[in-house]
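According to TrEMBL, the protein carries these features:
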BINDING   C:Glu35, C:Glu64, C:His67, C:Glu135, C:His168  Mn(2+) binding site
BINDING   C:Asp59  Ca(2+) binding site
Amino acid sequence: MSRTLPPEYYELLEELQAVDFVLVELTLYLDTHPNDYNAIQQFNHFAKQSKQLRKQYEELYGPLMQYGKSYSGYPWNWDDAPWPWQV
Amino acid sequence: MFTQVKYWNPYIGPFDPCPPMRVKSYQTPPNLYIGFQPPNMEQYSPRQALHCGTLWPAFYSPYPSDGREEE
Amino acid sequence: MWNYEKKLQYPVRVSTCNPRLAKFLIEQYGGADGELAAALRYLNQRYSIPDKVIGLLTDIGTEEFAHLEMIATMVYKLTKDATPEQMKEAGLGAHYATHDKALFYHNAAGVPWTASYIQAKGDPIADLYEDIAAEEKARATYQWIINMSDDPDLNDGLKFLREREIIHSQRFREAVEILKEERDKQIYF
């Protein structure tokens, strides 16, 4: 019932977490610095990188988001363990 | 020069029941000193940023700080 | 609306089954300065704050839910395979009797979460000062928990969360400056 995830899973997950963390930091920064052109360019650069990593992650380990923000496999694989607190 | 930890010496009474802690400390993290963040500050790499909890070294606050719980 | 992402914000690790630490950590789940209180405080204040800082309250409030999930993960891992005997020894006997291993929104002393933990005065400066204070109090709570914890993996996650409080406090301080409309006169140092 539960498959053990390979070390590559944790590696890819952390890569995505790192890129998404930069986006969180830049988001809060831009909320108070809306005219920082360099920061906006950096934000868009990382947004693109995050999209690419998500695509790669979801092809291997299933959807990250719901309500149509991610594609589903067959059968419906949103419910598949592990959930974030279980890995 | 700013430090992220400050020390003080509390009054020691002759009838204090516990052995006195002669030095006490409290934290003064970088956000207290920087003011409105200037643009183009030096950044960590994404991995480093994740592990430090911030993108900018100027805001990094290690805890426990060096020398904290001493004496 | 909100979207859930099936991943944690930060890779949470716990080295040992330790329900005693879970008892302390639950303070940041359902305590006065915990992550639930933070999320609900900001996401409630945003409806009446000036437009210029609504984005910031929305984004920090949303990040707090990611932190709530990290705390839940830590508590879950610290208690997952603990026996009723271990729960009892850790001071969680009363919790176990009511909730088994279920998480619940209460503080380290078992007091249930209440809306009176959060404020919404409607005055932007009063509300932002409340938010700055909340971040500093949450930072202090993380320090006291780290002081009592001997789990290096858990502390790694707690240090991340403590640093986030510092950044949030910074942004709320900047929001006050924006509302003062004196940004051009701001001196960088």
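Residue numbering: from 1, along the chain as shown.
Cβ atoms here come from the backbone N, Cα and C positions, even for glycine.
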Short of 8 angstroms on C-beta distance to chain A, which of the listed binding-site residues (C:Glu35, C:Glu64, C:Glu135) are there?
none
Quick check: which same-chain residues outside C:Glu35, C:Glu64, C:His67, C:Glu135, C:His168 lie with their CB within 8 A of the centre of the Mn(2+) site CB atoms?
C:Ala38, C:Ala39, C:Ile60, C:Glu63, C:Ala138, C:Leu161, C:Arg164, C:Glu165
Nonlocal residues around C:His168 (Mn(2+) binding site), in sequence order (Cβ under 8 Å, 6 or more apart):
C:Ile60, C:Glu63, C:Asp131, C:Glu135
Reduced to three states, what secondary structure does DSSP give C:His67 (Mn(2+) binding site)?
helix
